[in-house]
């Protein structure tokens, strides 16, 4: 073997566009170049021969075998491995010549600069990228079939200068590579015993995207970072789909599993479609407040200023802030995170059903019912924290069931449970009423001491973060108490412990968030819609089992505790309990699927599905069921309003949705001096505003809450204004056009 001699190895297949550049880059230090070709049909071999390479032809089986074969044909002491689409920079060439003379190391790590889509990618998990590419022949060997690497005996040094990797110049090249690599990745994963699961299929790509784009700072690579993160997520999904496909192909009776997987996937697609319909509605008051905050506050500002005057924890707003930085502030963009969390909740409901029972009808019934739930769909479309909280609640229940039923549960489930309860509480406060479910279920199951120790430690993070958050929570509670004392009517809006609120929970859970002016018709529809749900729940109570007790507690305990707590702190309102809707459908489906008569089971299920479809149809096609139409109202007054006119709101300041949509052409003010209005102060305030104004557009929105004695209207009358026209906008209410009487 020639001491300190360097042999360069290159494996090729149709590399005529790269091989010359590659070989010329190592000319200054390569004592020989070994090219192992696997059947090129272009001019690769001819070009390599012309440049002096030793050519060997070998059928490709995997990367490690191909590269080990190339190394076996070298005569130098050192092997330098280069791919055909790589080059050794001039500085690296000089460093390599010096490195092989050092006796301390048997190999060297070499950094690599990656150029993808015609630009260098410095982040997105493509850099820093360093591996062993220079080693003593007798000390190293390639291992791994796909993402191969060199294993070396002895000390490994590190070079400073990088080789340059010119990867995919187009998306088409990337997709071509993806098909080849995912095929081999799937084969390797199956050989190692990896098993397909729908959970991995949906979560692995998502985690891959977030890891590359956020954690590995892919956003600093601009649009290329986003596209590469997205494409690598597809890469991960494709790999798992191929694992599933190959696994099914190797089974003797795959048809049942194949059919089930297809059905589940199609139902999830339907769930997505149903949540995308009518998503471009106008933002309503609470949505616009969140949107305005994430657009105008920094992350620090959200945590230190905005959140102190809000009554929710910060995680949703921080998540929405990150999302809108990437995708903008349209109604669709703002609501899409809720849709994603909604779809994930649908899928988790199906997984939880699978943990409860092997009954396939039960699993599919639960999946279909929450997929078509008008209540869940409505709040999956809302740019608020409730869909996100429902997802973390379902995730915590799913991981907890795995901990409860498996004495040797994977550490991953303990970790997921611990994280999910932290994320849950920092998304919304109301789901804290879910915690007694975990403790009660564990007590009923009489878990051993070691289990309880682990269970206690899963709560340590939420305790630590809770203590750190306590000062902010105290400010929020103080603000809430002040609001309730200033505006006693706010208790009705916030939700109190009343029979009406209990009834609304049932009505909204069964028929969706509908409101009809004809109350007789509304109550009749609720009564009819309740019948199949009551049948399902009644049968679920009769057929309850140990595992379904957890689902029952998930549904009942938060409602009971929340109702009692609202006697002192009003917060009992139906939409805050979105996080228990999966339990509702799981219990209904359990009861229906355990009926003695298969025919009766299917009849009741069809009625349940028809109720959901009916509720959805009303929501989709009746615009009165849509959210407050501030966009239309603001566009209208912006269009017809004149410079010598003003817009007045029954509030100390302009409502946020108006600020969100207005172009700011005419003066808009809040007419009241405070949340507890005073007629003299309002008169003085209005006197300043109305100077020189011939017309006023007066929004009655929240009038009965903020100005129950109608001081603002009385003041307008006193100043000689009278109502000329009245306009009406869904959810916003009436807008009165007042004009000044001529004297």
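Glycine is treated like the rest: Cβ placed from N, Cα and C.
The transmembrane segment annotation in TrEMBL falls on one of the ranges 385-404, 625-644, 645-664, namely 385-404. Under DSSP, residues within the domain 'Glycosyltransferase 2-like' (7-105) fall into helix, strand and coil as 34 helix, 25 strand, 40 coil. At the 8 Å Cβ cutoff, the transmembrane segment (332-354) and the transmembrane segment (385-404) share at least 3 close pairs (sequence separation 6 or more) and count as touching. Panel annotation: around the transmembrane segment (451-470), residues 313, 403, 407, 414, 417-419, 421-422, 425-426, 438, 442 of the same chain, lying at least six beyond its termini, place a Cβ under 8 Å from a Cβ of the stretch. Beyond its flanks by at least six residues, the transmembrane segment (599-621) meets 274, 277-278, 361, 365, 368-369, 372-375, 377-378, 510-514, 529, 531-533, 535-536, 588, 592-593 of its own chain at Cβ-Cβ distances under 8 Å. Among residues of the same chain six or more beyond the transmembrane segment (257-278), those with a C-beta under 8 A of the stretch's C-beta atoms are 198, 244, 248, 251, 339, 342-343, 346-347, 350, 360, 364, 367-368, 371-372, 377, 380-381, 616, 619-620, 626. Same-chain neighbours of the transmembrane segment (198-215): 124-125, 225-226, 228-230, 232-237, 240-241, 244, 261, 264, 322, 344, 347, 351, counting only residues six or more beyond its ends whose CB sits under 8 Å from a CB of the stretch. The average pLDDT computed over the domain 'Glycosyltransferase RgtA/B/C/D-like' (312-473) stands at 92. If you look at the transmembrane segment (553-579), the same-chain residues 6 or more away from its ends with a CB under 8 A from one of its CBs are 375-376, 379, 386-387, 389-390, 392-394, 397, 424, 428, 430-431, 433-434, 436-437, 440-441, 480, 484, 491, 494-498, 501-502, 504-505, 507-509, 513, 587.
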